[in-house]
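Read the structure below first, then the notes.
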Amino acid sequence: MKIVLASANKGKIKEFERLLPNDEIVAFSEILGKIEIDEDKDTFKGNAIKKAQTIYDELQKINFGDVVVISDDSGISVPVLGNAPGVYSARYAGLNASDKENNEKLKAELNKLGLEKTPAFYTACIAIVYKNEVYTVHGWMYGEVLNKEIGTNGFGYDPMFIPNGYDKTLGELDEGVKKEFSHRSKALKLAMKVLEVIL
């Protein structure tokens, strides 16, 4: 089955390809070119649905045919910071901020509170649009966020996050290990069950 991913984030695309090796994953930009989608909802679910529905609607305009569009919205939440960055994780340091800039901002916020580490959790919401029906699933990963980066694997806040049950950051852990328990892989396992039912 061809699955169109409503994301231009190369890190996310690679992760979806690893988690769904038997499906043809195509980034929407390969078909539609550049489309800016304003992630203006205040929940991960709202943003995921908006992205998937927007891309699905654009594909219908060009008569792309039977297609599954999958989108995710995800981020890290730090309770001591009022669950920030939350839905603003990708733009915590500003619109078009790099991973490095976002990490620096989070470190600065933790340092203001004198925290070397504190509880945090990742949330992933996956939205699936097929035959104009919308389905959503969630996955979570709990652990601690550090005020420093360790390791170079992964993307985003991975080098700052130690998942529960581990003594290394996601930036230090092998991608195969992360695949077993990440918020996105948990959500994708549920998404696979949805796809089995609807396809």
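Backbone N, Cα and C atoms are what each Cβ position is placed from, and that goes for glycine too.
Taken from Swiss-Prot as is:
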- Ser7, Ala8, Asn9, Lys10, Gly11, Lys12, Ser74, Phe155, Gly156, Tyr157, Asp158, Lys178, His183, Arg184: substrate binding site (BINDING)
- Asp38, Asp73: Mg(2+) binding site (BINDING)
- Asp73: active site, proton acceptor (ACT_SITE)
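In the three-state DSSP reading, Asp73 (Mg(2+) binding site) counts as strand. Take the binding-site residues Ser7, Asn9, Ser74: by the count of other Cβ atoms within 10 Å of each Cβ, the lowest one is Asn9. Cβ packing within 10 Å was compared across the binding-site residues Gly11, Gly156, and the lowest neighbour count falls to Gly11. Each residue contributes its Cα atom, and for Asp158 (substrate binding site) and Asp73 (Mg(2+) binding site) those atoms are 16 Å apart. Comment: substrate site residues Ser7, Ala8, Asn9, Lys10, Gly11, Lys12, Ser74, Phe155, Gly156, Tyr157, Asp158, Lys178, His183, Arg184; largest CA to CA distance 21 Å, whole number. When Cβ atoms from all protein chains are considered, those within 10 Å of Asp158 (substrate binding site) total 25, not counting its own.
The number of other Cβ atoms within 10 Å of the Cβ belonging to Asp73 (Mg(2+) binding site), over all protein chains shown, comes to 26.
Comparing Gly11 (substrate binding site) with Asp73 (Mg(2+) binding site), their Cα atoms are 13 Å apart once rounded. Across the structure, Asp73 (Mg(2+) binding site) and Ser7 (substrate binding site) are spaced 9 Å apart at their Cα atoms. Of all Cβ atoms in the shown protein chains, 9 besides its own fall within 10 Å of the Cβ of Asp38 (Mg(2+) binding site). Residues near His183 (substrate binding site) in space but far in sequence (CB under 8 A, at least 6 apart, same chain), listed by position: Ser74, Phe121, Tyr122, Thr123, Ala124, Gly139, Trp140, Met141.
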